[in-house]
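Following: one structure in structure tokens, then a few remarks.
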Amino acid sequence: MALRTIDALDLAGKRVFIRVDFNVPLDPQGKVTDDARIRAALPTIRHAIQAKAKVILASHLGRPKGKPDDRTKLTLEPAAVRLSELLSQDVILADDCVGDGVKKLVRDLKDGHVLLLENLRFHPEEEKNDEAFARELASLADVWVNDAFGTAHRAHASTAGMAKFVKEKAAGFLVQKEVEYLGKALGSPARPFVAIVGGAKVSDKIKVLENLIAKADAVCVGGAMAYTFLKAQGVPVGRSLVEEDKLELARQILERAEARKVDLLLPVDHVCGAEPKETAERVVVNDRAIPDGLMGLDIGPKTLDRYRQRIAGAKTVFWNGPMGLFEQKPWSEGTFGVAKAMAASPAVTVVGGGDSAAAVEQAGLVDKMKHVSTGGGASLEFIEGRELPGVKACEE
């Protein structure tokens with residue numbers, strides 16, 4: 001099934017409901033501290049404005065729990081202010097996302113003007129994909145557009161449920177870009193295709209690893225999950241984090257990679273500390289084995305060099321998961337080293353959301369990558385080969 005996109009629709013004079021992802025971080029004063037998600041939605045919003053649509057935007061923010069101060073702490077007002085600055089035009093903020101007041105605002109909305117509905121999750125029915133709530137949202141729209149890739153793996157009322165009750169539906173440009181880049185990286189990559197996989201737990205990445213082993217030419221493993229693989233090979237790992245109940249699974253993954261003739265690379269040296277703290281002494285262990293009393297907290301310099309060489313020789317590079325405890329400076333070189341190597345590569349470089357995207361952002365290298373996914377859980381599920389409800393709803 002092909003993805004129908006917003007540019008295939010006539011939007012003039014229509015009520016165009018765009019599900020965006022404005023789940024942005026706020027400081028204690030309620031100011032947006034990182035507007036990347038708002039900026040990511042701009043091409044779709046601008047297209048609808050220029051097409052003279054009545055633009056209705058909807059998003060969630062945080063996880064409201066029905067507390068009295070949720071309405072002030074988790075309001076979308078800061079997002080409305082920032083969006084207004086980015087668009088250089090007024091953005092009307094509704095005080096709810098359903099109800100008579102909202103219907104009146106939609107009725108009075110002029111072509112080319114923008115209305116942002118209040119936080120969808122102030123209504124528990126949103127996450128329950130409640131049919132009556134989905135119908136109520138749908139009553140505001142002639143056209144439904146999903147541009148929130150970050151929530152595309154959730155079957156919520158606004159991300160999937162309401163699509164059944166709106167005649168015209170499409171993906172926004174952000175969802176289209178995500179599906180194209182992630183789909184191409186995994187479906188028909190230019191080869192050699194090198195995958196870099198990190199993170200703390202093998203259990204979080206089982207399906208991702210299995211899918212990548214079926215498609216990649218080489219998989220470079222870092223992060224704490226590497227110690228489970230090393231222990232599965234009989235290598236001492238000191239006090240490193242190990243999932244004891246996943247050792248057999250790690251062996252099976254190693255065997256599968258060997259059977260498929262995929263190079264599965266594990267660290268050959270480590271940056272260690274006595275504990276995972278910024279103040280711990282940084283010890284470079286020039287060996288696969290980690291001594292007792294130390295724990296691996298980052299890949300070592302030799303390992304980083306090996307991974308750099310693989311990246312340099314690749315035509316497609318996909319990265320998901322940090323190489324170490326990169327939030328703390330002593331253990332950040334592996335992660336930022338991978339980011340820099342990818343930035344310097346002419347290959348198609350795709351970063352699969354979550355912590356890797358945060359690291360690329362922190363390193364100021366977003367513009368040097370072909371694509372940095374905005375979806376953490378959504379990009380993981382896409383890589384696992386699962387169907388995303390928010391994407392399926394946009395198919396013709």
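Cβ atoms here come from the backbone N, Cα and C positions, even for glycine.
Listed in Swiss-Prot:
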type	residues	note
BINDING	D21, F22, N23, R37, H60, L61, G62, R63, R121, R154	substrate binding site
BINDING	K205, G296, E327, G353, G354, D355, S356	ATP binding site
Annotated ATP contacts K205, G296, E327, G353, G354, D355, S356, maximal Cα-Cα distance (Å, integer): 24
Lowest local Cβ density among D21, E327, D355, which the record lists as binding-site residues, within 10 Å: E327
Entry from the binding-site residues list N23, S356 having the most other CB atoms no farther than 10 A: S356
Local Cβ density at R121 (substrate binding site) - other Cβ atoms counted within 10 Å: 22
Under 8 Å by Cβ from G296 (ATP binding site), counting only residues of that chain that are 6 or more apart: A224, A226, Y227, V237, G238, S240, P267, H270, V271, C272, V285, I290, G324
Site extent for substrate, whole Å (max Cα pair distance, D21, F22, N23, R37, H60, L61, G62, R63, R121, R154): 18
In three-state DSSP terms, the structure that D355 (ATP binding site) belongs to: helix
Among G62, G353, the most crowded of the binding-site residues [Cβ within 10 Å]: G353
